[in-house]
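> As listed in TrEMBL for this protein:
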DOMAIN    10-326  domain 'Acyltransferase 3'
TRANSMEM  12-30  transmembrane segment
TRANSMEM  36-56  transmembrane segment
TRANSMEM  77-97  transmembrane segment
TRANSMEM  142-160  transmembrane segment
TRANSMEM  172-190  transmembrane segment
TRANSMEM  202-222  transmembrane segment
TRANSMEM  228-245  transmembrane segment
TRANSMEM  304-327  transmembrane segment
TRANSMEM  348-368  transmembrane segment
DOMAIN    422-656  domain 'SGNH'
């Protein structure tokens, strides 16, 4: 019933070898392979081609039998090596990474072919962990393929079974072509508007696998003539140049070009002796042969190196050999034997065996995820009373039980629309009797300074109402975008004006937000955005002055978020002699980027538009803007550069001096 597919084509293995090689070099961070991530798109095209070729000669008269056989082959091909990689990597990573929750969740979803959906959802989460430090980020592409395989047998049966009338088959083929074009058009449209969806989700990637399937259909009927050899060489050279050159094209154009060149090579490589001999070279074919296991293991090796010994040219040979050794072991002892071995006397027993293996792997991942297993962490935890982004809503109360209640004071999503922020639960000090009142507004950075406002209320006769809306723009003139756009619009347009009505003449609104986007690493329309920011500040200041109120702004902090660091890694660890994944900027580098924004705020201060609270000196006291060390205050609570409770309390006298002229009022 299941006849063998077309004969082995070594050039396909060579193309796989190129794809996995450029992906690895790109993930090493080498600038000479800026578009190496496009190797994944080459994989998608190859997968569409190979999977279509493998089933093209099956007898599809029985859908149930063929579908069962198809899924069994896919499971045996993909699952064993994946589950072993996920399990071992999770165990090893737990020794070096304390906060593993997001990463282990990624592994769990990857085991079921859903990593792409999970990672897309986490991209929409305001406090998702860094994907660059997640050992399992790369499994998103496997999720795309596995979801495509769920519908592929149905499509194959409709086209290949011969049980449908010719007209129905033609209609199905035209419909599939239309859906593929719709997928491509959707990708082009969505890519600039929602790049995360275009990157992660199958509907916007299906056209790439469909392109590979179409190449097989075309090549089985039309072979390229010999005169095409020169064009094939040009296509091959163009694809290589595309992968290793920083070409000024948008993401959609780069992806489409990669898919086009890959498709041409799959169709016509055999007609070009030069291209064929290159792709069939032993090194490329060897990489291609183990490309699946190599793809699985390369990213955990890269990420764990970031967490420990670091990435450098000197370590490249060692890390490369480690990747190759792990991939070779996986290919030789897991992938190949289990792929070809019978898993049971009948398909039912085989399926049960596979399901049992899946349950064992999931069980191990679940046990690792148990909080008690946090003892696997071999480093020294950062000495923080509050750690992680989740601590931003931790209540902060005085010994008498009064103070800030946390969650009721923060709009964390669309569910908070229409909910009033209660003054009595969100205020440090006595709102009704205090000599002065301050309304603090902003995004998550405002709550990170809760310790500051608690100390200010103790030191001065000031009541401080602390509020926040996750992801809120620094000024409403930036507009409202993303998954919290309606909540942020409500915060700026309804909640803030309502709370401002409770202020009295002489009171103050203090704006505390993350301003890093106004000093980006690669400026584009930054000057325009800073001008929009200034317009928003002037407008708000004018509105407040009409009511006898004042405006103050907390200025930009060091650009530590870009360091991809965590408190644990920032302090000295035995396994990270070079500081782990932290890429910290010097004080001079940081000030150079912040200078335009700081100058802008200084000018507004001199004009009497606002008070400018500058805490840069506190958060970057030395030549390098770091997290702090074991013998000083740890400045940040998480990888998102939210100040720690300890830092917030320590900086309170400086804030009081800049707001009131002294630490006492």
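Cβ coordinates are placed from backbone N, Cα and C, and glycine is handled just like the others.
TrEMBL labels come from automatic prediction, so no person has curated them.
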> Looking only at the domain 'SGNH' (422-656), what is the model's average confidence as pLDDT?
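A mean pLDDT of 92 is what the predicted model shows over the domain 'SGNH' (422-656).
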> At a Cβ cut-off of 8 Å, and with pairs 6 or more apart in sequence only, do we get at least 3 pairs between the transmembrane segment (228-245) and the transmembrane segment (142-160), yes or no?
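Per Cβ check, the transmembrane segment (228-245) does not touch the transmembrane segment (142-160).
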> When you scan the chain for residues with a C-beta under 8 Å from the transmembrane segment (36-56), skipping those not six or more beyond its ends, what do you find?
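Tertiary neighbours of the transmembrane segment (36-56) are 5-6, 12, 15-16, 18-27, 66, 70, 73, 141, 144-145, 148-149, 152, 156, 160, 205, 208-217, 220, 239, 242-244, 254-255, 258-259, 262-263, 266, 291, 295.
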> Is the transmembrane segment (202-222) packed against any residues at least 6 beyond its ends, judged by a Cβ distance under 8 Å, and which are they?
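Tertiary neighbours of the transmembrane segment (202-222) are 41, 44-53, 56, 116, 144-145, 147-148, 176, 179-181, 183-184, 186-187, 190-191, 255, 259, 262-263, 266-267.
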